[in-house]
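Since the structure comes first, as structure tokens, the remarks are kept for the end.
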């Protein structure tokens, strides 16, 4: 359910009693998705009164005549009383608070939520629950966004033709020109070059849905040779003749063990404080991490450019479609979509494109860089994503609503977390382990007001344009805040950050009072 | 003007330096007496000062025209294609002549006229007063005095007239010592640390050869160590690698023998010479200029150029110097060979670490005037102002600026000035637009009558102060009195904004600096407004006027705030336009970037085949 639907009423006139010591406050009461807000009339003090809904422990309502009273008992032992004008308003506000105070971020249902956005933009897509019981694809969520003209039966056939059942689904709809970004796994063409009519139809329907005569590009994140070789083991790539209108591009991205080794070698190099300049530079080169950053970013730019400039639809896949595929689709969205660069939008992006999309966090993040165990399934794909986002943030320091703090937190929590968000490898496993009922969501942890100063970018201002980063080696930098976090003195940069915050809040304050 | 044969060429193409598919802008090229100017079809102007040109190259004729590559000392590289070879040849010849002047009098500074009268010009030159600066340090005092030994440049031509020496060092000792030092550059005071009563002194190498001694020189060093009442031991830092210093002994020069000097501790710190530095920068620029540079090639090029290694060596030496004074309370004597390159680097950087005054805008100017200009860093030779020996050119001062930049990165709140300030100074050591950096020593500058014929750079920088201020500077913080930077290798980064300052596409597309600067400005303005209003309200209340008036007042000011607010939201404001080295473009264009070249692939048939063809093509040719 959409959060905002829980808000029954916009506003009402109310008086707030805060106990015997504090004077009562009169003003307009508002309920937002996380806060209860009381804004006093102009003549009184200009301060807003704010209460985090999650801190409400219990709520009690009484109605008498044409007004009502709501008593809120908070987790910090405060008791507050609201006298509200109007019976209907009282009941609405009570219901809103009731619904929202329990509402924590587990109530995010990104497929549905994102679909609502897509549905507002176009009619070409529908939400399919064909994977309701995870039988078609164990690594996909229950609901998926697919072309409206393709029925569930065809989806099932297409799923049979794709590795792990990951048939092409919508990742992002680019409203300005109606193009679509899709992701899937490799087709199971095999040595016999098998075909699947429903799969071909699905991709054809994507182009038709976008606009007449639209073209499509398939970005295969493997080299042409690797894709060819995959045929021997039953995989492969789309044959040109079978998918008219679609062209294939190969952009090999590093994955799996070599990527993990790159990470390990970088961290090793960063741990050596005594090494000479030459040794450091040669190790930085030798680990190839920044090369991977560059490749990931430029592939994402290629995808984004295909949509924005060429007006083409883009399908991204590698082999399983759970690693480098997600890297490319999520970065392309950050580049194109201003909403995904907001605090909420970015969290939703991570939830939708990584957690729900079935990136196997449990396997990939079982060990980090120091483990002596021989890596099996470990790979820092998600970290590579965060690094690329950090590079975007450095090149567009005003365009991301979140700061380095959020990226660091996501890195930490992906590897070890008291929260449940990154547990398990897929939605199916999360269901079986009852993650939603037995753990807390990371997002509700992060969205505490006291965390905000660390996580937010004080200089953020909405930038409606696409952000095209430079991918020249001179423009990419080692993410010192992460890789040298424990080896360099953090103090000067932290106090500088504090200073920036102070200037920004001062500026808000002075503007407010002027 | 006699060098200019063609003043205007149309239909000239300016190639994008990093594009692999030869993207270009078409426009008109103009040649003036001082500048080369290119105006493209969007009316964007690119000005290149002749003095900034380091090299001009005419490449082999192509079908589209004659390529002309110009490399500038401020690291701008432009690649023109001139349609007709004749025009190209004319421009090439003119630029060769104009960029390399034979006489000082032909330099821009002698014709530059900013419309100031003589008294303003003089005031500008008096802005920095070194006598004032020594007073600030606390000299003369009971241990140090002003010596008149070099008043007529008789002892050392490359030193300034005013020199500070230990009070107990007599003139015969000074004269004797100067005869034992290369170019007569005997030990003198560079910086005096008042709290520690310790001194930084500088000189050139001793002419010791294998066994020569000089009692006066030994006495002078002893006088320096005696001038420090706390620690009798002093350090002698030879900033050269030991091998180089030893090689100098064969030429009758060399370094101090610890046995002959009492109470000294001798130390090599291993900074390479000007020739190594020159070729290191050359290598660095070659790597950076490569089209389609891969990350690996970039880092292996950065490594093999050795540039960051040299920067670290300078920084390490300065830290050693600062520690000797702060931790051991010892005075330090610094020298290299002639004592005007590495010695200037280490002394100035060491003082900057020790004294927060040098981290202010004014203080930094003073530091440059003192340790670089007055003490005879050969700016004209090192920057190649005149057509001279190319082997004398070396980026010694650039390295100093880069070290300062690294410090600003490590201590973002410790400096009153920002990166743009450093870049602007770098621009002007080569521009020859102002007199400060012309000539190689004070004597030469006096002979050129620079103070009468040219202008000083500093007042012009101060006029534009807003551009150069660090918005998060914290002058109060006690922690920043002495900087203790970390020189772990990974703290050294490639200074993109210097070496690619004109390659717009490589830079961040949004400037935090401008935003914060504006916010700060507006905060101050608004706070002032608030104060004014409050005082007006008070006045009104005193006068017992009714509060309608107050309300009116409040309303009268209200229309102001929305405009301020909206100006804050627009990031493309022009309130503080820093020179075009600091970019403030919002958003960006995918065609700016190299991945746009991939876009061609969108129109290619089957990429698999294409890449195969590439492979074949490479193998056959």
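Here the Cβ of each residue, glycine as well, is placed from N, Cα and C on the backbone.
TrEMBL lists B:124-499 with the feature domain 'Myotubularin phosphatase'.
Per TrEMBL, the feature substrate binding site maps to B:273, B:274, B:336, B:337, B:338, B:339, B:340, B:341, B:342. DSSP assigns residue B:342 (substrate binding site) to a helical segment in the three-state reduction.
What TrEMBL lists as active site, phosphocysteine intermediate is B:336. All protein chains considered, the CB of residue B:336 (substrate binding site) has 28 other CB atoms within 10 Å. Secondary structure at residue B:336 (substrate binding site), as computed by DSSP, is coil.
The coiled coil annotation in TrEMBL covers B:516-543. Confidence for the coiled coil (B:516-543), expressed as mean pLDDT, is 78.
Neighbours of the substrate site: apart from B:273, B:274, B:336, B:337, B:338, B:339, B:340, B:341, B:342, residues of the same chain with C-beta atoms within 8 angstroms of the site's C-beta centroid are B:204, B:239, B:240, B:343, B:396. Remark: residue B:340 (substrate binding site) has B:158, B:185, B:204, B:375, B:376, B:377, B:378 as non-local neighbours, by Cβ distance under 8 Å and separation of at least 6 in sequence. Shown in sequence order, B:240, B:244, B:337, B:341, B:342 are the residues of the chain, 6+ apart in sequence, with a C-beta less than 8 angstroms from the C-beta of residue B:273 (substrate binding site).
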